[in-house]
Structures are given as C-alpha cells and as structure tokens.
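Over in Swiss-Prot, the protein carries these features:
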BINDING   225, 333  substrate binding site
BINDING   256, 325, 358, 453  divalent metal cation 2 binding site
COMPBIAS  34-45  compositional bias 'Acidic residues'
COMPBIAS  86-101  compositional bias 'Basic residues'
REGION    14-53  region 'Disordered'
REGION    86-119  region 'Disordered'
C-alpha cells in the first residue's frame, strides 16, 4: 500500500514540495514560482487528466490531506483526485479590432459620407410613380432596363444629396441670431467640402466634388444670389427671414436644394405657402409635362395663402420673374426654365433630365430686380474666344478654368485660393462676355421673401426627388 502511495506521489511530481503543510498551503490556487501564465487559447482541456504540478491549487490541497490520513484512505483520495479536471488556465480575452471608418456623423459634420456608406450605396430619394399616360413606365421592362443602366449616375447624385441633407440638418440646428453671415456661409461650405472629401485647394479638385455653387444667404426682401464678400459684417437678426440655398456635387452631378429659416412664428404662413407651392411643382413635374402647366399649378397653390404682419394681411405672391431650371453636368442653369406662374411655355420635360423645382413667395410686389454688391459668378459655357488685353484677366481665367470650370463661384472662393487684386480682371472677364455675373435679386424693401427647392431626376421608370429629407 505504501509503495502504491509512493508511486502515485511520484506520478504527481510532488518531489519539489518541502513536506510542511503550512508552508505549502500558500500555493493553493497559485502557480509554482517562476512558472509563467499560459495564455494560449488552443490548449485543450481534458477532464480525465490529473492536474499537473503548478497547474492550480486543487492538486496541492488533496496531496496534503494524504499525509494526515491512513494509507487506504490516501489511495482512495488519489483515485478521486485523478478524476478532478485540470485547473482552468486563465484566458486572456482577445480584443476585437475596430472596423475602420466612422459609423456616425461628427458635429460639426466632417466625416466624408463615403466612410459612412463604404459600399457606395447611398439612400435613394423620394420615389414618385408617374401618373396618367406615363403610369406604364413603372413596370415596363424596357424602361426598367434603362434605369438599371444608370446606376453610377444615380449613386453620384445620391451621394451629393446625402451630403446636402447632413449639412443642412446640422445648419438648421445650429444657426442662430447673432451669427455673422460669413460665419454661417463658411460653416456650411466647409462641411460640404469635408463630406464630399474634396477641399478644392488643389487644381481640379473642386471639379471632382464639393460645392455645386456658393452658399446663398439672402435676407428678407432679398430673394436670391446673395453671399457675403470678404469683410462683410452683416449679422443675422431675430426678425430676419433667411433663404439658405446651396449645392453639393459629385463629378459634376449637382444637387440644388434650398430652405428658409425664421425665428418668429409670425412668418410661418409665408413658409407654408412656399413649401406647398414647391411640393405642388414636384407633384406636377414629369416626362412630357408642359412647363406652363407646372407654373399654373404652382401659382394656384402659392397664392391661396396670406400672412398677417403687424396687423396687416398680405397675400403671398409668386415672384414671377424667378424660375426653376434644369441642371446639366457641371452647369447649374441648363437651357430650360420651370416657371412658377401661369404662362404659355409649351416646352416639355423629357426622360433623363434633372430639374431644380424651386418657388419663391413674397409679401411685396412679387417681382425682383438686381440690387446690392455682386458676389456670384460663373464661366459661360461655350463662350466665344475673345482676346484679353489685361494680364490679370488672362491669369484669372486660367485659375477659373482649372478650379471651377463652369461651376459657379464667388469672390470668397478666389480669396481662398490665394488670389489677390483680381477685381479688375474679373470685371474685364464679365464685360468681355466670358464670365456671367449674378447680382443679388431683391423685391421692394420692407417686404419678406421665402424659398424652398428640391432637385428631381426624371428616371425612365419613376420620378426621384433626390434631395428629399425628413426636414422638408
């Protein structure tokens, strides 16, 4: 019996113990001195294997009980001990690697939307089926095939639209009275550049993506085409009605959308009138629809509203000399106009075209004129070749061609590129018919104007309101 016990003890490799139960009790639940902890996750656990020396405290506890009992009991204990599972080794939890790319937008917006949608599949806009004689397009196989062929075209538009939505929703939350217009405009423009991934400081970069045109911040009676020039100190006031109109583009696919901000609920009926008119225009637009029919529907919706200001009721009037327009690649104003009043234009919308449906309402005369300092400019597509005598004009034209092409720009954009003393050359390009200037457009002073706008795509099968969002 004693020999059997001795053999069992040798099998357990206990010859390193000193025989003092008290001194060895400290090793219960510990590894032997000098034995490193094993973090391998691959080692198999075997429930039928006796614990190795130093593998854990269980073996030591049973061993020291053996020296205090008769041999028969000791052998029984050894038999029991052989069935105890080996002490579990401490496993180190492996840290999961974080996947690259942010999953949410930052505040202020600075994460490119391509990081948020790594598969380059961007949310589609509002899908509206065609009606009347075009209702067949939704299920027509030939049209569906044509629609599938345009996937890259659609994804570029949808990416630009997602940029616009994220930037404007941040702007709506953060713009407050007391901010300068320069601060507001640059905040929006910086966000668009960051989210498209194109800062526009290197030659040609702005042609790949970024601002589709300068951020317009037209106040009160000014309806359109106002953005601050360098040195502008104008501050947004509590009683102001501000139109925020900006574009984002990817590879020249421009998404043009605008909204109006107020900080006094007295202007709500004015905003409701214009929003209703814009949505009416979107609803009526479609393949083979005549422009005159769209304008008549818009006017009827707009002019059914009135607004009370300081105890006086004002009818909301369409600004009759402002229009929506089609959008071509890298060209914000194509050759077609979408009127917002009844007229005789028999031009039709066509399959594959992109339109900016925008409406303007006013408490004034409903007619705008050029006023105030010009800030918006654009190279005229296919402008005739004209000899330029001013070297400053030649140099500036080169800068415009390489950085903007036919995309609109403003003076602040030239400042940002490091251009200096360019005004004389810029005016020479305008007078030569190479560059078009776009002065601010204003109704009578004391009146209030509002604007809402969306970009729509006339796809072969459906109409997609590409810039639609939860906000408007």
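One-based numbering along the chain as shown.
Placed from the backbone N, Cα and C atoms, the Cβ positions cover glycine too.
Taken residue by residue with DSSP, residue 325 (divalent metal cation 2 binding site) is part of a strand. Other Cβ atoms within 10 Å of the Cβ of residue 256 (divalent metal cation 2 binding site) number 28 in total over all chains. Counting only residues at least six positions away in the same chain, the Cβ atoms of 325, 327 sit under 8 Å from the Cβ of residue 333 (substrate binding site). For the recorded divalent metal cation 2 site, residues 256, 325, 358, 453 set the reference point as the centre of their Cβ atoms, and the other residues of that chain within 8 Å of it by Cβ are 245, 257, 258, 324, 327, 355, 356, 357, 454, 455. Cα-Cα distance from residue 225 (substrate binding site) to residue 453 (divalent metal cation 2 binding site): 14 Å (rounded to the nearest whole number).
In this structure, 325 is the one among the binding-site residues 225, 325 with the smallest number of other Cβ atoms inside 10 Å of its Cβ. Taking Cβ-Cβ distances under 8 Å and a sequence gap of 6 or more within the same chain, the neighbours of residue 453 (divalent metal cation 2 binding site) are 245, 256, 257, 258, 259, 278, 324, 356, 357, 358, 359.
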